[in-house]
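I have placed the structure first, in the form of structure tokens, so that the comments after it can refer back to it.
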Amino acid sequence: MTVRAVIKGVGHYLPERVVPNSEFEAMVDTTDEWIRTRSGIERRHFAAEGETTSQMGALAARAALKDANLEASDIDMVVVATSTPDLTFPSVGTMIQKELGMTSGYAFDVQAVCAGFIYALSNANAQIVSGQAKRVLVIGAETFSRIMDWTDRSTCVLFGDGAGALVLEAEAAAGTSDDRGILSVDLNSDGTYRDMLYVDGGVATTGTAGKLRMQGNALFRQAVSKLASTAQAALVKADVTADKIDWVIPHQANIRIIEGTAKKLGLPMDKVVVTVQDHGNTSAASIPLAMSVGKARGQIKKGDLCVAEAIGGGLAWGAVVLRW
Ligand code: UT7
């Protein structure tokens with residue numbers, strides 16, 4: 001008998017303020033047309049003044065708990081993927097734990113930038129499979145609007161804020177690819193790519209939060225090949241072939257990266273959950289947001305075979321194969 005980490009609930013939160021591409025035309029030398037055609041983004045949400053990553057993460061977590069028909073007291077672990085914490089410490093995880101009224105269990109953050117949710121899912125899966133945790137909240141929450149350089153047109157038009165969450169629960173399973181739950185994980189990183197995407201400040205250097213810097217075009221070329229190869233590696237580990245996939249749930253950075261990766265996997269775009277037009281790039285929040293929206297749209301259904309893949313700063317990249 002095998003133990004699987006099975007999805008019991010999903011939810012998300014998006015800040016109220018929606019910012020269309022046209023708003024950037026007054027700020028930097030750009031056009032709605034350039035942003036749409038080069039990235040696929042049409043609008044994004046920005047957190048209100050004073051609205052934080054932990055507040056958004058807690059709202060997404062509450063929605064996921066409701067979907068799972070569970071209480072916060074049923075959860076024994078909270079893991080939050082974020083690169084934009086409220087404070088340097090304590091973790092966003094413990095802040096969300098408090099917000100949910102949990103006084104037991106344990107909470108922490110993982111930081112793998114845009115690949116963070118894949119890393120957090122991998123961690124949650126390992127703790128469930130090893131027997132250390134039974135029910136886990138896996139949250140991706142970001143306020144990237146706080147680390148934008150509003151004079152840099154090559155980055156400030158691309159990112160957005162939001163949060164998404166999953167509830168995972170340990171369940172006995174047969175140990176085959178027909179099981180529900182997480183079937184495989186593939187993780188990778190290579191720190192030699194540091195300068196391709198980083199934030200130019202931090203606790204031990206400038207003492208400030210810093211601003212995001214990105215070599216977009218160089219990263220674009222890395223993204224398509226690395227995303228396709230990590231997704232393929234995860235499919236092999238799960239013992240399934242790409243033609244069996246019902247849904248690709250990609251990190252939502254750029255529609256052209258999403259299309260290029262689907263093409264390399266030999267999958268049509270009608271098997272891909274796409275939210276980039278409405279959310280922009282929400283870093284570690286983008287995959288759980290796409291999962292929640294994909295389920296709400298009626299795309300992702302119980303029993304569907306899904307592959308989620310992401311790449312971001314580090315570089316760090318990875319993929320998860322799961323049956324919903
Ligand atoms: O989430 C982590 C992973 N992130 C990614 O994977 C992002 C990867 N990169 C991308 O999505 C794309 O590279 C971008 C959307 C960032 C840029 O698209 P691109 O087709 O790679 O454009 P580019 O960087 O090669 O720039 C083309 C031109 C440049 O002008 P010149 O040098 O050709 O005159 C840029 O200065 O577009 C210019 N440009 C803009 N023009 C209007 C850059 N940003 C803008 C802008 N508006 N906002």
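Every residue, even glycine, has its Cβ placed from backbone N, Cα and C.
All TrEMBL annotations are machine predictions without curation.
Lifted from TrEMBL, the feature list:
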- C114: active site (ACT_SITE)
- H251: active site (ACT_SITE)
- N281: active site (ACT_SITE)
- 108-191: domain 'Beta-ketoacyl-[acyl-carrier-protein] synthase III N-terminal' (DOMAIN)
- 236-324: domain 'Beta-ketoacyl-[acyl-carrier-protein] synthase III C-terminal' (DOMAIN)
- 252-256: region 'ACP-binding' (REGION)
Message: If we skip the immediate neighbours and take only residues 6+ beyond the ends of the region 'ACP-binding' (252-256), which ones have a Cβ under 8 Å from one of its Cβ atoms?
response: 38-41, 114, 158, 220, 223, 274-277, 279-282, 286-287, 289-290, 311-312
Composition by DSSP (helix, strand, coil) of residues within the region 'ACP-binding' (252-256): 2 helix, 0 strand, 3 coil
Task: Kindly report the helix/strand/coil residue split of the domain 'Beta-ketoacyl-[acyl-carrier-protein] synthase III C-terminal' (236-324) according to DSSP, in that order.
output: 38 helix, 22 strand, 29 coil
- line: Integer Å value for the Cα distance linking H251 (active site) with N281 (active site) is 8
H251 (active site), number of other Cβ atoms within 10 Å: 30
